[in-house]
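**Q** According to TrEMBL:
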{"type": "ACT_SITE", "residues": "B:D7", "note": "active site"}
{"type": "BINDING", "residues": "B:D7, B:D141", "note": "Mg(2+) 1 binding site"}
{"type": "ACT_SITE", "residues": "B:E68", "note": "active site"}
{"type": "BINDING", "residues": "B:E68", "note": "Mg(2+) 2 binding site"}
{"type": "ACT_SITE", "residues": "B:D141", "note": "active site"}
Protein chains: 2
Amino acid sequence: MRVLGVDPGLTRCGVGVVEGVAGRPLTMLGVGVVRTPADADTGPRLVGIERGIEEWLDRYEPELVAVERVFSQHNVRTVMGTAQASAVAMLCAARRGLPVALHTPSEVKAAVTGSGRADKAQVGAMVTRLLRLSAPPKPADAADALALAICHIWRAPAQNRLQQAVAQNRLQQAIALHASKGRPS
Amino acid sequence: MRVLGVDPGLTRCGVGVVEGVAGRPLTMLGVGVVRTPADADTGPRLVGIERGIEEWLDRYEPELVAVERVFSQHNVRTVMGTAQASAVAMLCAARRGLPVALHTPSEVKAAVTGSGRADKAQVGAMVTRLLRLSAPPKPADAADALALAICHIWRAPAQNRLQQAVAQNRLQQAIALHASKGRPS
């Protein structure tokens, strides 16, 4: 499974591609940052993000895009930029028919470090170890994008099992409903 | 001046095109709503919004797109959807090289009703009157999109004067700085 992780942001949008399956060593295919000038208008900045994400999708052809889920509990201005950049990433993926998965920052931290409250340095150290890199990817946004991709690959089997269980349950309910309707009242 | 107003939202994204200049009667060229199913994933919904906005841009060829400025003071979930839909509208405009103007809800209300705290009904009534329509556009999102376009057309002369004054001031400062540097110390 090949996943593009996106740590959304208008000034620095982290991007990282990881390939592998849960339980086996993972491989980093690429990592970087899409940047737009902080003094530009939002419209052109979003065009810059779109162009950058498209280049990464063209180059690495991931099967899925994992994007950080944005919460509005932080600083208002930052949240808006993050929400806008993540919308562009989701749009680019969906336009190609690629599935989009959202993971919260604490899910990502917990997946790669074991603690949902790990700091940037810890996440960077674990990403370096898990992908067998010689040094932590910089800036932190790039490392976070890789962590998102790793998180998705590791959580995917559990999520698939959950989805299968839900689908199975719905099917059984539908069968039961159909059977009860079929009975004469 | 022809303006496309966009009242962003994932479920209902209001769109309205108004033509005219400040101080003259305005004309509505079109009004509507771009809808996406509430139970669909965000990625495909953003693709739906993009397709809708593109159709409006193709059909009416506005010179400018006025979008409601999103604040995060409201409900978290709503704000995220609004921020994402507005990002797509801004992206579509900027990709065509169209300027994007942001106006706050209270600026829009104040422009069309005289009060920044007017309710939906008041805004609808004034939009109906100002555009000489036979009935208020429905849903409210459609009326709000028209109000945004009207607000922009009416505020544009003042904004242009302000921008000119700022530019003039900067130029004079640059000249003064240049003159002072030219002098022997």
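A Cβ is built for glycine as well, from the same backbone N, Cα and C atoms used for every other residue.
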**Q** Within 10 Å of each Cβ, count the other Cβ atoms, then let me know which of the recorded positions B:D7, B:E68, B:D141 comes out lowest.
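**A** B:D141, out of the recorded positions B:D7, B:E68, B:D141, has the fewest neighbouring Cβ atoms within 10 Å.
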**Q** Provide, as an integer number of angstrom, the distance between the C-alpha atoms of B:D7 (active site) and B:E68 (active site).
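**A** Cα-Cα distance, B:D7 (active site) to B:E68 (active site): 6 Å.
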**Q** Using Cα coordinates, what distance in whole Å links B:E68 (active site) and B:D141 (Mg(2+) 1 binding site)?
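**A** Approximately 11 Å lies between the Cα of B:E68 (active site) and that of B:D141 (Mg(2+) 1 binding site).
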